[in-house]
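Before any comments, here is the structure.
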Amino acid sequence: MASLKFTKMEGIGNDYVYIDSTRNDIRLTPEQIQKISDRNFGIGSDGVIFIRNSKQGDFMMDMYNSDGSSSEMCGNGIRCVAKYIYDHGLTSSKNPKIETGAGILEVDLKIGSGNKVDLVSVDMGKPVLVPSQIPVVWKNEETIIDQPLEIGDKNLKFTAVSMGNPHCVIFVDDSDEFPVRGIGPLIERHSIFPKRVNVEFVTIRGKDHLYQRTWERGAGETLACGTGACAVMVAGNLTRRSGKDVQIDLRGGTLRIQWQESGNILMTGPAREIFSGEIEI
């Protein structure tokens, strides 16, 4: 067995195991990722993120869900990657460019006490609304806004958005009372979503103030989802439920999401290092 160094980090409760692969090209099997992510027999996390060198950006974020499947992007994860590379001296730049499965993203680091990163803003790019590019198997290529979706005995309405990964946003009266763990997996694997989908169940709390629960593709319900929060803001604006500068509460904390004049989405939130260690794999 080999010993693997790691750092566990979280962004508003969305926790991943981070592995610095900038010096050695570390690769793990899906089974090893499942073992590491297991909350009873491993470190416990929503997945594993490798920090790698990049030919296109300053660094690369290589992300895997807790079931071992790969994922294009994680908004909370990229904030933690940004904090790691600065706090651990891999870069002195406060605006590094990070390569993801959703493209190159630029981050803006807010430095706090002890010269450590407190907050991170990420330019998440433009939302994708064309069904075939999300992807959603749909009757045409028109934007899917508040369209009917029948799941069991529930007649829901959904808005489809990609923020580099697919999202299905559903507004409900009370997210806390909604059966997320029952309905979430049924929507995740619905036949209209060929690559599966992340599902957000959203309640309006006030003007430009939303509350979100997330069923993540490949991970189940998580305390937070950054790309999901971006998709929620887009869906809220498209359905005239909210504006373009929104506070979104999640079970793990709060994010500020802004739809800028450029058309890009800006996400701002915290990132925190929990502990580091070694694990036998």
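Every residue gets a Cβ built from N, Cα and C, even glycine.
According to Swiss-Prot, the features are:
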type	residues	note
BINDING	Asn14, Asn65, Gly75, Asn76, Asn165, Asn198, Glu216, Arg217, Gly226, Thr227	substrate binding site
ACT_SITE	Cys74	active site, proton donor
ACT_SITE	Cys225	active site, proton acceptor
**From Cys74, Asn165, Glu216: recorded positions whose CA lies within 10 A of Cys225 (active site, proton acceptor)** = Cys74, Glu216
**Message:** DSSP secondary structure for Asn165 (substrate binding site), reduced to helix/strand/coil, please.
**Reply:** coil
**Asked** For the substrate site made of Asn14, Asn65, Gly75, Asn76, Asn165, Asn198, Glu216, Arg217, Gly226, Thr227, how many Å separate the two farthest Cα atoms?
**Response** 16
**Request:** Tell me whether Gly75 (substrate binding site) sits in a helix, a strand or coil according to DSSP.
**Result:** helix
**Asked** Between Gly226 (substrate binding site) and the residue listed as 'active site, proton donor', what is the CA-CA distance rounded to a whole number of Å?
**Response** 6
**Prompt:** Across all chains shown, how many C-beta atoms besides its own are within 10 angstroms of the C-beta of Gly226 (substrate binding site)?
**Reply:** 27
**Helix, strand or coil at Gly226 (substrate binding site) [DSSP, three-state]** = helix
**Message:** Please identify which of Asn14, Asn165 has the densest Cβ environment, defined as other Cβ atoms within 10 Å, among these binding-site residues.
**Reply:** Asn14
**Message:** For the substrate site (Asn14, Asn65, Gly75, Asn76, Asn165, Asn198, Glu216, Arg217, Gly226, Thr227), what does the 8 A shell look like? I mean other same-chain residues with CB within 8 A of the CB centroid.
**Reply:** Ser71, Met73, Cys74, Gly77, Thr214, Ala219, Thr222, Cys225, Gly228
